[in-house]
Amino acid sequence: MSGAVSNSLEGPDGGRPGWVAVLALWTNNLMVIGITKGLGIMLPILQIQLTSQMWIIGWIASLTTATSGFVAPFGGLVSRRFGAGYVMMTCGVMMSAAAIAGSFVENSLQLALLYTLLAGTAKGISNVVAKEAVGRCFTKNYATASGIARTGYSVGLIVFAPLVQLFLDTYGWRGTMLLVGAITMHSVASGAVMVATRQPELDQSNAYQTLPQTEHTNSPSAHESTLRSHCGSLWKFVSKNFEVGLLLNSRYWLVAVISCCTIYAYLMWIVYFVSQAQSNGFTLEEAGSFVTIAGIANLFGKISQGLITDRGVMSSWTLVAVCLVMSSVSYLASSLLTSYWPMMTSAVLILFSDGVLSCQTDVLVKQVLGVELLAGAFGWIGLKVTLLLVALGFLPGLVYDLTGSYTAAFLLIGSVQAVPLVPLLMLRYSQR
């Protein structure tokens, strides 16, 4: 990954290195869902077997996600030091080890330490590294590549829920964790393929790479010069990416607002939608059908957005604006809907829009900041999303407790989703 190669490896659509990076990101997304979704499905049985409380086991999943956000800004640094392929392999081993070792735990504290320190760290680092690898390889078809890679999340949601339940019924929770850990080892294989596939070289003016291989010399001045050059490259990389993360880059701030608000609104919908649908008079089965059909729409949105923008049907700016308006209106209306098909339409529009926005925000990051700041931007956005969830994740629930209705809560979520329209317009006209 860190070796210098000719530009011919990139090709108009990323070439072989690009599609290998897409495979690695798709596999990583799939395995991350397997780890987190598997833990969620096992919550009731883990509560009994570990003689713990439900909120403690649920908190472990939240801590895992929080840890991934806190370590994300370091993803670009370790990628440039060791190479993306080797980092992906290491992260795959860490995620797998968390699940396998988790099958031997005797209490919730041991499980929390394993998942937060191993799975959480691996999740945060691998996500940044794989996304940067895809962004570095693709230019013309970046939206399509990003959409295909993100379908790993959707496939994971569809596959792992029944699979983990089957494992639980057949092998118990300890056997299930062993099997989930074994499946997660596929991330190691995808990282190994990245190592075997030469990747496009980094821009030496902005990148931090390993020391070049030079002939041995006893000259102190040569060693001093090499060390000075090495430290200079490291300092350039760190300073540029910390400049991005500390909001000294105004364009990054605008992109971060778009990403953070979109992710926050989507996660709040995931948490509260079923309860909100039931409060509107729908049964649990009907609420489940809304989520299932909307999940398919989310998958379709991720695939179709690349075809729309990469083929020139609509610009990224226009598509993002349309989806922001569409999803905001749907959030605002969903708390007032009491009929089956209008509620189904609302859920479909929300998750279809999220599928588009989750990919197109990555495209905007690359368009606005450039390829050399991708790792820093993705990492710092992950950290800011984590801080936002920690600070305001409880707010819709608090509004419901105070008002006794989800109307005000979903008005809040819809308003948050509409906020990115302002920075989007500012970015659009600043680019002209």
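Glycine is treated like the rest: Cβ placed from N, Cα and C.
Keep in mind the model is a prediction, meaning the values are calculated, not measured.
Here TrEMBL flags 20-43, 55-78, 84-105, 142-164, 176-196, 252-274, 312-333, 369-394, 406-427 as transmembrane segment. Here TrEMBL flags 21-432 as domain 'Major facilitator superfamily (MFS) profile'.
Of the candidate ranges 55-78, 176-196, 312-333, 369-394, 176-196 has the most C-beta pairs within less than 8 angstroms of the transmembrane segment (20-43). Of the Cβ pairs linking the transmembrane segment (369-394) with the transmembrane segment (252-274) and spaced 6 or more residues apart, 3 or more are under 8 Å, so the two regions touch. The stretches the transmembrane segment (176-196) and the transmembrane segment (84-105) meet in space: the count of Cβ pairs below 8 angstroms, excluding pairs fewer than 6 apart in sequence, reaches at least three.
Panel annotation: around the transmembrane segment (312-333), residues 143, 258, 262, 265, 269, 305, 342, 346-347, 349-350, 352-354, 356-357, 360-361, 363-364, 367, 410-411, 413-415, 417-418, 420-421, 424-425, 427-428 of the same chain, lying at least six beyond its termini, place a Cβ under 8 Å from a Cβ of the stretch. Each residue in the domain 'Major facilitator superfamily (MFS) profile' (21-432) has a pLDDT score, and their mean in this model is 83.
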